Amino acid sequence: MAKDMTLLWGSGSPPCWRVMIALEEKQLQGYDQKLLSFEKAEHKSKEVLDINPRGQLPAFKHGDNILNESYAACMYLESRFRSQGPQLIPEGQVEQALMYQRMFEILNLSDKLSNVIYYNYRVPEGERHDSAIKRNKENLATEIKLWEGYFQKMAVGSYLAGKAFSLADVIVFPVIAYAFRFGLSTERYPKLGAYYNMMKDRPSVKATWPPHWLENPQGGDALKEF
């Protein structure tokens, strides 16, 4: 089945990474894949646009089915290959509810991270304001503390939706890893740090670790002050 799949992806992109983790968890190695460069704008190439007209990565196909939204791709893979690998949607209603909540709630952290990390990239120099920078940082600090609080309520060694690894971990972990890549302190946020370190050792995560992170383990420092 994996031979009928094509994935165009970019290194370090949380949406790309979560699809790759899901593929690994569902034992779908051997799919056709191609690493593209954001810096060279290869995500705007005809090759990508033929699959994803938005010119974004991932661009993912399974046969005639196109799923370019990472959430959609991950949920599709679990539904289509439910009997392969671990079950990623819990049976219990409590665990399932928590899984869905955390999956979609992480969009808040992802958005606020981007507002801080990429502010200068997105906003032209003449339109930048110190007040906006300050507000973005305050919003992110509040969001990170909220997630640290969630992890404080979890049992040691627990995954996001309980004792079992689930789609919540597939979706959320790349965003948490991204925050630490940009300098978030494991000392200031020990519970987030413990989850990050636990997940780093999971085989599906190790197998899909962003190649340029391996080449350059030292990431950015945009979040050091947090």
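Each Cβ is built from the backbone N, Cα and C atoms, and glycine gets one as well.
TrEMBL annotations: computationally assigned, not manually curated.
Note that the structure is a prediction, hence the values are computed from the model and not measured.
Here's what TrEMBL has on this protein:
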DOMAIN    3-85  domain 'GST N-terminal'
DOMAIN    92-226  domain 'GST C-terminal'
Helix-strand-coil residue split for the domain 'GST N-terminal' (3-85), DSSP-based: 32 helix, 17 strand, 34 coil
DSSP-derived helix, strand and coil totals, residue by residue, for the domain 'GST C-terminal' (92-226): 91 helix, 2 strand, 42 coil
Within the predicted model, mean pLDDT of the domain 'GST C-terminal' (92-226): 95
